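Reviewing the structure listed below.
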Amino acid sequence: MKTKFCTGGEAEPSPLGLLLSCGGSAAPTPGVGQQRDAAGELESKQLGGRSQPLALPPPPPPPLPLPPPPSPPLADEQPEPRTRRRAYLWCKEFLPGAWRGLREDQFHISVIRGGLSNMLFQCSLPDSIASVGDEPRKVLLRLYGAILKMRSCNKEGSEQAQNENEFQGAEAMVLESVMFAILAERSLGPKLYGIFPQGRLEQFIPSRRLDTEELCLPDISAEIAEKMATFHGMKMPFNKEPKWLFGTMEKYLNQVLRLKFSREARVQQLHKFLSYNLPLELENLRSLLQYTRSPVVFCHNDCQEGNILLLEGQENSEKQKLMLIDFEYSSYNYRGFDIGNHFCEWMYDYTYEKYPFFRANIQKYPTRKQQLHFISSYLTTFQNDFESLSSEEQSATKEDMLLEVNRFALASHFLWGLWSIVQAKISSIEFGYMEYAQARFDAYFDQKRKLGV
């Protein structure tokens with residue numbers, strides 16, 4: 001979700017739906033970008049994404065800027081002509097009714113800002129064109145970004161490794177497309193109107209994303225808990241083994257240990273991270289979580305404010321005013337990670353407009369009272385007999401879950417700390433990745449101290 005913007009690729013629209021090409025022209029090709037470091041200097045970047053374990057969706061990058069309809073379309077910002085042409089053909093070929101006879105000069109498209117793993121556009125019919133049936137007048141076009149073009153962190157990676165990463169990225173997109181279609185059919189996500197190798201057409205939902213400070217509002221927090229519990233209760237046709245979490249951390253750690261920076265400031269920052277003895281920390285974390293009871297459920301894996309929509313017109317409703325989006329990183333995983341990761345996101349504001357483009361406040365981590373409020377709402381939805389338990393049994397269940405999610409919050413910090421170090425090498429986005437990694441590791445060690453582990 002937050003790896004980078006990329007420009008369109010070469011391939012023309014394909015009507016073959018789920019046929020996913022792994023070739024270089026099948027995915028949007030990133031444009032070469034530069035990133036400004038803390039001193040204001042520009043450093044050229046090799047673009048690329050994150051490599052993932054086979055047969056599992058890719059990991060969720062933490063919430064730097066965000067996806068579907070976060071920001072309104074920019075009326076004065078148009079895509080490049082090639083992207084506009086391809087968008088027109090996709091809409092004309094995949095959408096019914098008035099779209100079928102639409103001329104290209106009648107086609108309206110505008111950029112939606114906020115997507116960093118993908119490019120997002122609003123495509124619409126002009127007011128002068130009448131609807132034929134119940135076809136949508138506006139749709140969201142998502143062009144896949146980094147996930148399809150995963151690359152090793154170092155240029156000296158073997159061709160075999162590069163091909164494997166590319167295959168894994170393509171495989172992840174197939175899985176995500178299947179997942180999106182299933183959730184759409186179950187009315188748990190936006191409707192799916194079209195799918196093709198380079199992206200998809202989705203329902204455009206009038207809404208806005210939540211702000212970080214809204215996560216702590218009691219009614220918002222309770223509904224997020226209920227939505228997450230419903231998500232966790234789903235049966236999905238994916239690998240049920242919880243390999244994603246530690247498989248991803250191991251892969252990131254191996255990449256971090258091979259990283260080389262040319263700038264002295266980056267070299268010193270990397271040395272500081274390596275001084276933490278990250279391999280030993282990972283093994284200690286693995287040992288701790290092995291003895292932490294946490295059911296394996298179908299997890300969102302990126303339930304932060306940018307992936308939660310507040311539906312337009314539902315702002316004053318008591319319930320059913322939120323929708324979870326961006327399922328591309330979902331997988332079977334430990335429940336404690338999904339909830340602990342959500343709690344960690346209370347601390348980070350990614351809307352700050354100056355370097356390093358985020359603000360961290362460790363004091364924003366939910367209090368015991370706020371955690372219990374979330375957990376109570378979660379258990380009421382997730383566990384059918386929870387409300388029939390005695391007060392003592394309910395209290396014991398909630399205490400166990402408090403320990404579970406706060407231990408797994410350590411994994412959230414560790415995962416995104418490693419991820420951000422890797423992004424400092426490969427991302428073209430202007431963001432303080434090394435500073436963000438430091439913030440996550442600072443929070444990791446603070447959480448360890450509080451837990452006494």
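Cβ atoms are placed via backbone N, Cα and C, with glycine included.
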Swiss-Prot annotation, phosphoserine - which of S14, S71: S71
Simplified DSSP label at S207 (ATP binding site) comes out strand
Based on DSSP, name the secondary structure state of S275 (phosphoserine): helix, strand or coil. coil
Could you measure between M119 (ATP binding site) and K243 (N6-acetyllysine) for me? Cα positions, answer in whole angstrom. 29
Separation of alpha carbons, K243 (N6-acetyllysine) and F204 (ATP binding site) (Å): 33
